[in-house]
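Over in TrEMBL, the protein carries these features:
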ACT_SITE  Cys31  active site, nucleophile
ACT_SITE  Cys34  active site, nucleophile
DOMAIN    1-107  domain 'Thioredoxin'
SITE      Asp25  site 'Deprotonates C-terminal active site Cys'
SITE      Gly32  site 'Contributes to redox potential value'
SITE      Pro33  site 'Contributes to redox potential value'
Amino acid sequence: MTTHNFNKNNFNDEVVNADVPVIVDLWAPWCGPCRALSPVIDKLAGEFEGQVKVGKINIDEEPELAQAFNARSIPMVVAMRGNDVVDVMMGFQGEQPLRKLFEKASAAK
């Protein structure tokens, strides 16, 4: 499964107007826990393909979006349905908590 790169130009089309729930990973290249979480997100993105869309926001390149999410620490993973936040996971918590977030997102209608 492909993970998308979300930015201020495509956020509404890719996230708010998506046909399925969306997992948004706010990260930065200098963030060790973000880099550790990335392969776990990619694995779950493959498992949940068709049920959720998964994408990343580099907070260094998209400070306006980081501010809109009130991202005070990263990694921050947000499950969204339309413009609504379904769930949020802060920090690196491993595969099981992230899997629960994916499950909750995929059940959001």
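Note that Cβ sites are derived from N, Cα and C of the backbone, with glycine treated the same way.
Asp25 (site 'Deprotonates C-terminal active site Cys') has Cys34 nearby among the recorded positions Cys31, Gly32, Cys34, counting only those with a Cα within 10 angstroms of its own Cα. Secondary structure at Cys34 (active site, nucleophile), as computed by DSSP, is helix. In the domain 'Thioredoxin' (1-107), the DSSP tally of helix, strand and coil residues is 41 helix, 29 strand, 37 coil. When pLDDT is averaged over the domain 'Thioredoxin' (1-107), the result is 95. In this view, Gly32 (site 'Contributes to redox potential value') is surrounded by 9 other Cβ atoms within 10 Å of its Cβ, with every protein chain counted. Annotation: Asp25 carries the greatest number of neighbouring Cβ atoms among the recorded positions Asp25, Cys31 [cut-off 10 Å, Cβ to Cβ].
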